[in-house]
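Summarising the annotation, TrEMBL assigns domain 'Fructose-1-6-bisphosphatase class I N-terminal' to 4-195. What TrEMBL records for GLU92, ASP114, ILE116 is Mg(2+) 1 binding site. Residues or ranges marked as Mg(2+) 2 binding site in TrEMBL: ASP114, ASP117, GLU282. Summarising the annotation, TrEMBL assigns substrate binding site to ASP117, GLY118, SER119, SER120, ASN211. TrEMBL lists 201-329 with the feature domain 'Fructose-1-6-bisphosphatase class 1 C-terminal'.
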Amino acid sequence: MQPITLTRFLIEQQRREDSACPAELRLLIETVARACKTIAHAISKGALGDVLGSLGSENIQGEVQKKLDVIANEILLDANEWGGHLAGMASEEMETIHPIPNRFPKGEYLLLFDPIDGSSNIDVDLSVGTIFSVLRAPENSAGRDVIEEDFLQPGRHQVAAGYAIYGPQTLLVLTLGNGVYEFTLDREMGAWRMTDGPLQIPSGTKEVAINMARREQWSPEVRRYIDDRVGCEAGPLAGQYNMRWTASMVADIHRILKRGGVFLYPADHRQPGKARLRLLYEANPMSMLIEQAGGRSSDGATSILDARPTSLHQRIGVALGDPEEIAALLSQVA
Ligand code: FDP
């Protein structure tokens, strides 16, 4: 028998007595998943589809936009605008929020996304992904256009989060707040089929993902934690740990969900507020997935899911993965 489809999984979630998946959310997730299929198709064309390379423009973060960043952003906007499930969207690639235009019916959800995460990998045929987060629009936004403040909710308020990973297989990894499930794209049938879940991060895996080239930005505590594991010659942990860094958060987090270990992108301890990863559409959805799979998230002080956002493109220091590794990291800080 074939594994169940995403559609069936979502309908079964909707039918549960303690359902956290009303029909509108189900349709929204189906729409995002459909858009990810379209993105996967565009990526797979590569040079033949003229989708590789840069556009010469910069996004709000001051980063050079790849053609696929813009293509994927458009695909997600077009797919989600007219369905009636959303009040607005926000994206890494757009300076301001995108309220649903008045010509379409509006719904009660907000969708935030990073259309292509790990963009530096696109042109060299390594894994990239799409990350998404779903929030409920605040009650006081009913009857008016949503504004940026409506999106500034802690990650704990997310009602769904997930990513698609475009790698050797195309996968969708999803949580609705009761476990994490993996679906593989069945290209012949055009369906997402469940291939794993509920995922539980394997404990005790001695793998660390961090960009060692940023060492000068790390606090003394992060340096100690890393030096004990991958820089040590004689300490008690010598020779036990391995390093992995793909420069694609989706790929690194997927490996941790499946195989264990820890992912770090610390804030720059020399400049308060300076960090690499974006809170609302990168750190929050990944933290929800990691915590739902038995892992832990931390910004160095609290769970990332409790961080209070103050702006749409805010950045944050990130530690995600095996709870024992996060505890070991935090014990350096205490
Ligand atoms: P990218 O900007 O290429 O989309 O989103 C930030 C991110 O990728 C993460 O996916 C990745 O983990 C990180 O940046 C890569 O950072 P480095 O350039 O420091 O390797």
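Just so you know, glycine gets a Cβ as well, placed from its N, Cα and C.
The shown structure was predicted, so the numbers you read here are calculated from the model rather than taken from an experiment.
Secondary structure by DSSP for the domain 'Fructose-1-6-bisphosphatase class 1 C-terminal' (201-329): 52 helix, 20 strand, 57 coil.
Non-local contacts of GLY118 (substrate binding site) by the CB criterion (under 8 A, 6+ apart in sequence, same chain) comprise LEU126, SER127, VAL128, GLY129, THR246, ALA247, SER248, MET249, VAL250, ALA251. Cα-Cα distances to GLU92 (Mg(2+) 1 binding site) place none of the binding-site residues SER119, SER120, ASN211 within 10 Å. Cα to Cα, ASP117 (Mg(2+) 2 binding site) and ASN211 (substrate binding site) are separated by 16 Å. Fewest other C-beta atoms within 10 angstroms, among the binding-site residues GLU92, ASP117, are seen around GLU92. Cα separation, ILE116 (Mg(2+) 1 binding site) to GLU282 (Mg(2+) 2 binding site), rounded: 11 Å. When the binding-site residues ASP114, SER119, SER120, ASN211 are compared by Cα distance to GLU282 (Mg(2+) 2 binding site), the shortest distance belongs to ASP114. For SER120 (substrate binding site), the same-chain residues lying six or more positions away in sequence with a CB closer than 8 A to its CB are ALA247, SER248.
The Cβ of SER119 (substrate binding site) has 22 neighbouring Cβ atoms from other residues within 10 Å, across all protein chains displayed.
In sequence order, ASP69, ALA72, ASN73, SER91, GLU93, PHE113, PRO115, ASP117, SER119, THR130, ILE131, TYR281, GLU282 are the residues of the same chain, not among GLU92, ASP114, ILE116, whose CB sits within 8 A of the CB centroid for the Mg(2+) 1 site. Rounded to a whole number, the C-alpha distance linking ASP114 (Mg(2+) 1 binding site) with ASN211 (substrate binding site) is 20 angstrom.
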